[in-house]
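Just below is one structure, and these are the notes that go with it.
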Amino acid sequence: MRGGAGAAEAPAAAGAATAAEAEAPPAAVEAWALRVAGWAPHDATRARLEAGLQQEERERVRKFRFEIDRHRALAGRVLIRTMVAEALRVDPAEIELKRTEMGKPFVARPDPGTFSFNLSHHGDWVVLMGHPSRAVGVDIMKYEQPKGTQSLEEFFTTMRNSFTPDEWGRIRLGATGNAVGAPHLRRFYKYWSLKEAYLKAIGIGIGFGLQRASFTLDEESGIAMLDLDGARDTQFTFRLSQLDDEHCVSVAVEHHAADGDAAPRIAWRRLAGIEVKDEEGVVLVDSK
């Protein structure tokens, strides 16, 4: 939020921090969650939202086969531009997004590298995280049996090699033989979302050996620890929480030396909807 005009102050010497800056806590990581279940924008609303995107973004949204996936993707792209515009204090139209060789989107204009963000959408929710200087990763999962699988047992057999023996033992805790049920599926998705959040934070996808990363999760507190290649990793802070009874969300936030033993702050914000405005900035539709 822009501050109002106030009394003028003498500028600090170049390279010196003011007392307020020295005492101010590090900026919190922004985390926005938008529930999109049941959102079916009219053609005019969708066209208005798409008009604010780059051509490459519009093409990515339209490539999704199912309408609900297109709606989630569209909402996510709009949220990205809204968050970046607020953080950099620019008009969304001034923002240009590009992708790394590994496919991770980043802000290319107006100020390259000034804001890190990551988006996830699955089930009923879209979640976006962002911070000016910390790498971030987020992944949301809905607790449901994947489409196209005949049984949970078949699904678990297919995914077994994505986890370390320790992780797999915790996921299958209490299982008898090959039989698995809803509690095991929930734990599966919790560990899976942690791995995904980490990979998204470091900007690597295909080619990373998932068994290199072994997570230990305290389900009560949501605090997770990562052992990477057999050694405790301290580069990132990991947290898992519930958006509702059917969805979990994992976040990975880069840890800075100045943080000491404190975990980076995460400021969660549940959005009521997406505002669609005309040329004069008048709200036409609250599209939630």
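Each residue, glycine too, has its Cβ placed from N, Cα and C.
Taken from Swiss-Prot as is:
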BINDING   R60, 99-104, 118-121, 196-200  CoA binding site
BINDING   D139, E196  Mg(2+) binding site
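Structure coloured by features recorded in Swiss-Prot.
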| residue | record | Cβ contacts under 8 Å, 6 or more apart |
| --- | --- | --- |
| R60 | CoA binding site | A73, R77 |
| T100 | CoA binding site | F106, G203 |
| M102 | CoA binding site | G203, I204, G205 |
| K104 | CoA binding site | K200, G203 |
| L119 | CoA binding site | G76, L79, I80, P105, V126, V127, L128, M129, V138 |
| H121 | CoA binding site | V36, R72, A73, A75, G76, V127, I140 |
| D139 | Mg(2+) binding site | S120, W192, S193, L194, E196, A197, K200, V249, S250 |
| L199 | CoA binding site | G137, G205, F208 |
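DSSP assigns M102 (CoA binding site) to coil, not to a helix or a strand. Residue environment of E196 (Mg(2+) binding site) contains 21 other Cβ atoms, counted within 10 Å of its Cβ in all protein chains.
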